[in-house]
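Below is one structure, written out as structure tokens; the observations come after it.
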């Protein structure tokens with residue numbers, strides 16, 4: 001018999017009394033949990049003639065040294081307090097329902113009742129929701145890299161046209177980087193991220209319709225999709241700068257960005273199946289519809305900062321606000337001061353160099369597998385999953401390593417330089433090996449290792465915006481990611497041109513050269529210290 005059943009069975013219904021407040025004798029019960037004493041204190045209030053009971057929240061104390069004769073016992077402290085008697089007493093006794101509440105509820109440090117699911121840290125709820133937004137972000141982005149194969153066959157598109165379509169996404173993506181950062185830093189990240197998800201989801205669902213109308217309409221819709229995704233990273237950066245303490249920064253950002261990688265995994269894995277089963281338009285319709293579900297959850301649970309969340313527990317609010325800068329939105333952006341700092345330009349240049357190689361692999365990898373490694377559509381999609389899955393794992397590993405190094409006393413500057421150097425030189429090395437491998441399996445392995453080491457950048461340059469300018473992290477990410485988007489626009493289009501006049505080796509050589517430039521600039525000019533207050 002468990003403790004709850006035993007308590008209910010033990011306590012008999014009270015008789016009617018004239019006094020509104022009846023003191024119930026103290027009762028002692030015992031039970032055993034894992035051979036250690038656990039004291040369960042319950043305050044049961046008898047509400048006079050009503051026959052009702054009220055049970056206070058649960059308090060557990062665990063003590064060692066339980067003897068064998070104590071096994072199977074629970075101790076309950078039963079007290080009474082005065083309560084007003086209801087005019088019309090209910091017929092039933094509600095002790096059992098009250099006891100159910102005891103099992104599901106607990107008191108925080110201030111005596112406020114907290115449901116068990118509300119005890120999960122709210123800052124990690126925000127992190128998980130941002131993770132899921134970025135999961136959708138890359139699902140909707142990479143589906144075109146798979147669908148473009150049957151689409152180009154159906155509409156007779158040349159490699160240059162394919163490159164133009166792939167790069168059109170970045171036209172809109174480029175326009176909203178800085179604007180999204182300013183918007184997020186001044187009004188808060190909640191509404192900005194919500195706008196972005198809904199906007200790009202609608203554009204994704206409209207893609208098949210635009211393709212049938214004509215190429216110009218498809219280019220416009222893809223650019224519109226980029227507008228929505230363009231505000232996502234600045235808004236997320238603004239949110240995490242307010243919600244996540246410095247000691248948890250690297251791993252929280254790594255988790256969020258791993259959502260992008262897992263989004264690529266999901267999109268690349270499911271797109272071939274949907275295309276073969278239902279046709280290429282089904283990819284865009286199904287993926288685009290998922291954004292509405294996320295939007296509803298986000299509006300209900302998220303807030304732009306801890307100061308705006310009325311349900312945030314006091315101890316967590318103290319932890320967040322005690323380890324970070326002021327969370328008030330900024331009123332103006334000091335552009336001249338920002339652009340006068342060398343570490344800011346180190347971020348901008350390094351972001352450009354990093355994204356050139358990343359976006360080429362994001363958009364052209366299925367084509368590489370199909371044309372060079374001779375994989376069919378399904379194989380191209382499935383083998384594209386491995387590099388992105390590797391990135392999802394290594395990004396989180398890198399985040400934990402970085403936070404551990406900082407907690408051990410290593411300077412933030414040193415940690416950022418170490419992590420980003422791995423993020424540059426690792427991909428550069430493995431891309432140079434692609435021209436020497438003679439089997440598809442080795443080529444896929446090189447791609448996976450290249451992307452896996454690339455993911456250490458999440459604990460390098462992608463964490464650095466909050467290090468050097470936490471109050472302007474949205475704007476700063478907008479600036480650096482604008483350079484990264486330009487790399488995507490030029491790199492994606494240039495790849496199509498290079499492939500028409502050269503080879504894949506030439507494509508990889510350009511990426512390797514930019515990785516080396518980024519390594520030098522980052523190690524000379526970056527810092528982990530705050531340079532803007």
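Including glycine, each Cβ sits where the backbone N, Cα and C put it.
As stated in TrEMBL, the feature transmembrane segment covers range 191-211 out of the listed 65-85, 86-106, 191-211. Check TrEMBL against the ranges 36-54, 283-301, 302-320 and you find transmembrane segment recorded for 283-301. Of all ranges given (322-343, 344-365, 410-431), TrEMBL attaches the label transmembrane segment to 344-365. Only residues 6 or more beyond the boundaries of the transmembrane segment (385-406), in the same chain, are considered here, and those with a CB under 8 A from a CB of the stretch are 246-255, 257-258, 261-262, 264-265, 268-269, 361, 365, 412, 414-416, 418-419, 422, 444, 447-456, 458-459, 463. Note on the transmembrane segment (191-211): residues 130, 133, 136-137, 140, 143-144, 151, 155, 180, 183-184, 217-218, 220-222, 224-232, 234-236, 238-239, 280-281, 284-285, 287-292, 294-295, 298-299, 302, 304 of its chain, located 6 or more positions outside it, place their CB under 8 angstroms from a CB of the stretch. When Cβ distances are compared across the two stretches, the transmembrane segment (164-184) makes no contact with the transmembrane segment (506-525), since fewer than 3 pairs at least 6 residues apart fall below 8 angstroms. Contact check: the transmembrane segment (283-301) against the transmembrane segment (124-144) gives at least three Cβ pairs closer than 8 Å, residues 6 or more apart, which meets the contact criterion.
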